[in-house]
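Colleague: Once you've had a glance at the structure underneath, I'll fire off some questions.
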Amino acid sequence: MRPTLDRLNGLLRRLPTWPVWLLGAVPLAILVARTLAGDLGPDPVKALEHELGLWGLRFLIASLAVTPLVWAGLRLLKFRRALGVTGFAYVALHFLVWLALDMGLRWPQIAGDLVKRPYILVGFTAFVLLIPLALTSTNAAIRRLGPLRWRRLHRLAWPAILLGALHFVMIGKVWTWDSLAYLALTLGLLALRLLPGRGAQGKSA
Ligand code: HEM
């Protein structure tokens, strides 16, 4: 097991981060191509909203999985920023599609939805929590804040991703297996941080 892990870590060390950024752009490129080809079904706006929300959640959960995998011996830390920022970018696009294409920038209706629909409020809160993390995802911001304050701030990712997963569960009138699976995965990855000597007490986020 150890030699395989060492070989894999050797490979990961040599791998630059740009392929992860590139890979992150693939679902978006496919979505743009499907939009241009008119291949998004009878309700293209809803389809766009759903796909962008789902990819956002997938990348955010992937970023949450990095630290437990590091504990398991896989050196993936250098890819975490790309996964988190990509997740944020998809969620931001998801939000913009809702704002501009779904709600047509009708502000009173937007404000009404935020108040009346709990799942919108939960999603919005998750998005707002992610904004400072995206803004401080550069090396300059880490230097400015110092590693300790930066790490503390970036623990906002935990409630943000949990709220994102909850938002997904809350959407339907009935709970769906896939939304529950995303929530269970998120809860599992967060629970690992509570293990003695790990996340909440330890150094890594
Ligand atoms: C971290 C933040 C967020 C995440 C991870 C997220 C994720 C998701 C996911 C996974 C879906 C379901 C996709 C599907 O049906 O397959 C969804 C749907 C949706 N989200 Fe979000 N979302 C977030 C924030 C937001 C925000 C800020 C808004 C608007 C204020 C929003 C509005 C919606 C709407 C309107 C739907 C479609 C509901 C329907 O089916 O009618 N989301 N989101």
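Backbone N, Cα and C define each Cβ position, glycine as well.
Heads up, TrEMBL stuff is auto-annotated, nobody curated it.
Since the structure is predicted, the reported quantities are computational estimates derived from the model, not experimental observations.
Pasting the feature list from TrEMBL:
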{"type": "TRANSMEM", "residues": "20-37", "note": "transmembrane segment"}
{"type": "DOMAIN", "residues": "53-164", "note": "domain 'Ferric oxidoreductase'"}
{"type": "TRANSMEM", "residues": "57-74", "note": "transmembrane segment"}
{"type": "TRANSMEM", "residues": "81-99", "note": "transmembrane segment"}
{"type": "TRANSMEM", "residues": "119-135", "note": "transmembrane segment"}
{"type": "TRANSMEM", "residues": "156-174", "note": "transmembrane segment"}
{"type": "TRANSMEM", "residues": "180-196", "note": "transmembrane segment"}
Colleague: Can you break down the domain 'Ferric oxidoreductase' (53-164) into helix, strand and coil residue counts using DSSP?
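Modeller: Grouping H, G, I as helix and E, B as strand yields 98 helix, 0 strand, 14 coil.
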Colleague: Which range wins on Cβ pairs under 8 Å with the transmembrane segment (119-135): 20-37, 57-74, 81-99, 156-174?
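Modeller: Result: 156-174.
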Colleague: Among 20-37, 57-74, 81-99, 156-174, which stretch has the most Cβ pairs under 8 Å to the transmembrane segment (180-196)?
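Modeller: Out of the listed stretches, 156-174 contacts the transmembrane segment (180-196) most.
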Colleague: Return the stretch with the most CB pairs under 8 A relative to the transmembrane segment (156-174), choosing among 20-37, 57-74, 81-99.
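Modeller: Looking at each of 20-37, 57-74, 81-99 in turn, the most contacts to the transmembrane segment (156-174) are made by 57-74.
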Colleague: Who are the chain neighbours of the transmembrane segment (20-37) in space, where the CB to CB distance is under 8 Å and they lie at least 6 residues beyond its ends?
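Modeller: Beyond its ends, the transmembrane segment (20-37) has Cβ neighbours at 44, 48, 51-52, 55, 59, 79, 82-83, 86, 89-90, 93.
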Colleague: Within the domain 'Ferric oxidoreductase' (53-164), what mean pLDDT does the predicted structure show?
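Modeller: On average, pLDDT over the domain 'Ferric oxidoreductase' (53-164) sits at 97.
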